[in-house]
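Worksheet: the structure to be examined is printed underneath.
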Amino acid sequence: MSAPEDEERLLLLTQRWPRASKFLLSGCAATVAELATFPLDLTKTRLQMQGEAALARLGDSAKESAPYRGMVRTALGIIQEEGFLKLWQGVTPAIYRHVVYSGGRMVTYEHLREVVFGKSEDKHYPLWKSVIGGMMAGVIGQFLANPTDLVKVQMQMEGKRKLEGKPLRFRGVHHAFAKILAEGGIRGLWAGWIPNIQRAALVNMGDLTTYDTVKHYLVLNTPLEDNIMTHGLSSLCSGLVASILGTPADVIKSRIMNQPRDKQGRGLLYKSSTDCLIQAVQGEGFMSLYKGFLPSWLRM
């Protein structure tokens, strides 16, 4: 078969299954990005758990009284205390999560943009459509990926549990899924899904909408063309807005997912995301909702 025929065949495949192709490409890109940036995600999660005031109710306040450390000191502390490779602890469920989440949200967003809403006559995607489409895409993608996100967060905290002398909860990824399922049932795999989809909606609203808007503005009002420089500046702005909007919900989500549970799978620290929010603000101050902000922004 000649080269032109190969190109034509490949083109037909992508045209025949455009959504599946976008899902697979998004999943592959997400896997590469996850491996490259995962230490930032681990650092973010550890920072979000530092100084958790609600642990005092279980008598663990002494163990949790370590001074607050910034992003760099936290990362160096993990390397010194647990080993360099522990910066990637929990990366397997994180990859699972990103394949489902990134593929799901991008396919949903493009479907809403191209089929449901459509662009205006000047080929521009209106801001209000980007807002609704981005939020809906984030909610759907994150809801589907919640079980993998739950396992990721809990495995990211295993190294800290070992340093504190606590027993490890899991032997590996599949054991984590099986144990959570056995203790809490199907509902247990969706623990923390409410703040999780709230975070996803806010992040996607800030991320996708800001990216589209900034790129459109730069192309129309500056000498920049639609190239890598424009994409980079748009990503910088969109990541900042997404982190500002989504970090509080991310902190709440991480704490609810990581909290100890009883034999029925019920959380021992927080009754709901609202209860977690109130306890965090009352016990640690409003800025506790922005723990892990810097690594979160850099990662985005």
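The backbone N, Cα and C atoms fix where each Cβ goes, and this holds for glycine too.
These come from TrEMBL:
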- 21-115: repeat 'Solcar' (REPEAT)
- 125-217: repeat 'Solcar' (REPEAT)
- 226-300: repeat 'Solcar' (REPEAT)
Summary of DSSP states over the repeat 'Solcar' (125-217), given as helix, strand and coil counts: 77 helix, 0 strand, 16 coil
Averaged pLDDT, computed only over the residues in the repeat 'Solcar' (21-115): 81
